[in-house]
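To keep things clear, I will list the structure first and then write my remarks on it.
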Amino acid sequence: MKLNISFPATGCQKLIEVDDERKLRTFYEKRMATEVAADALGEEWKGYVVRISGGNDKQGFPMKQGVLTHGRVRLLLSKGHSCYRPRRTGERKRKSVRGCIVDANLSVLNLVIVKKGEKDIPGLTDTTVPRRLGPKRASRIRKLFNLSKEDDVRQYVVRKPLNKDGKKPRTKAPKIQRLVTPRVLQHKRRRIALKKQRTKKNKEEAAEYAKLLAKRMKEAKEKRQEQIAKRRRLSSLRASTSKSESSQK
């Protein structure tokens, strides 16, 4: 089995092949996201703790978190699921995925170093791969340089050098996202003011409508009562005329 081990602190990754079954037994029957001591891999791994982040079986099917089985299952996957990338909007597809429990049928197991041990691993912990781009979000720039809210983030943006042959060297900086400026605060105040204005207008319109509705209902009630009174008068008039006619006979 191959072990694809990464160390986020240095940005390095290393693929090692382990033929000895006894060294791998420590990972068997463990689930994804479990932290395991890597002492069994050899003397240089003493003190290291790794997290199982995934893997692929011998046919190339990936492990999926949450599928509690050793074998392969076919799941209906949609946008947002791991192990699937939709090609069309709203597309769903039934795909074969492997369970999240590690066993001997895997060809590659992905591990992430959580805790560094006593010794350095050549090509993994002794070298550092510099990041190609710096942070873009304002809060992340603050976190990187340990800045307070009063400090100006724009001065600390990591600039990317653009060196072309025969041209003047220049640098390029990303646009800072979520940067709080007076203009942003003004926009926020305007949004809140407009919202309050809309609420006030809606309340006034609702009150006006309720007033008009009450007026119309009162008019309709008066009209109905008038009609009822008219009918009663007519019926009483008919009754009195029929009585007088019968008495005359």
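Note: Cβ is positioned from N, Cα and C throughout, glycine not excepted.
Per Swiss-Prot, the feature compositional bias 'Basic and acidic residues' maps to 217-229. Annotation comment: Swiss-Prot describes 236-249 as compositional bias 'Low complexity'. The SUMO2 cross-link annotation in Swiss-Prot covers Lys14, and the record cites similarity to another entry as its basis. Annotated ADP-ribosyl glutamic acid per Swiss-Prot: Glu35, in sequence order. Under the heading (3R)-3-hydroxyarginine, Swiss-Prot lists Arg137, citing similarity to another entry as support. What Swiss-Prot records for Ser148, Ser235, Ser236, Ser240, Ser242, Ser244, Ser247 is phosphoserine, and it gives similarity to another entry as the kind of evidence. Swiss-Prot lists Lys211 with the feature N6-acetyllysine. The annotation region 'Disordered' is assigned in Swiss-Prot to 217-249.
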By CA-CA distance, flag whichever of Arg137, Lys211, Ser236, Ser247 among the modified residues is nearest to Ser148 (phosphoserine).
Arg137
In this structure, which of the recorded positions Lys14, Arg137, Lys211 has the fewest other Cβ atoms within 10 Å of its Cβ?
Lys211
At the level of the C-alpha atoms, what whole-angstrom distance separates Ser242 (phosphoserine) and Ser235 (phosphoserine)?
11
Summarise the region 'Disordered' (217-249) by DSSP state, stating how many residues are helix, strand and coil.
32 helix, 0 strand, 1 coil
Round to a whole number and give the Cα-to-Cα distance in Å for the pair the residue listed as 'ADP-ribosyl glutamic acid' and Ser244 (phosphoserine).
108
Given the recorded positions Lys14, Lys211, Ser244, state which is nearest to Ser236 (phosphoserine) when distance is taken between Cα atoms.
Ser244
Using C-alpha positions only, work out which of the modified residues Ser235, Ser240, Ser247 is nearest to Arg137 ((3R)-3-hydroxyarginine).
Ser235
Output the one of Ser148, Ser244 that, of all these modified residues, has the highest number of other Cβ atoms within 10 Å of its Cβ.
Ser244
Pop the Cα-Cα gap between Ser247 (phosphoserine) and Lys14 (SUMO2 cross-link) into the table, whole Å please.
121
Whole-number Å only: compute the distance from the Cα of Ser247 (phosphoserine) to the Cα of Ser240 (phosphoserine).
11
Around the C-beta of Ser236 (phosphoserine), how many further C-beta atoms are within 10 angstroms, looking at every protein chain?
10
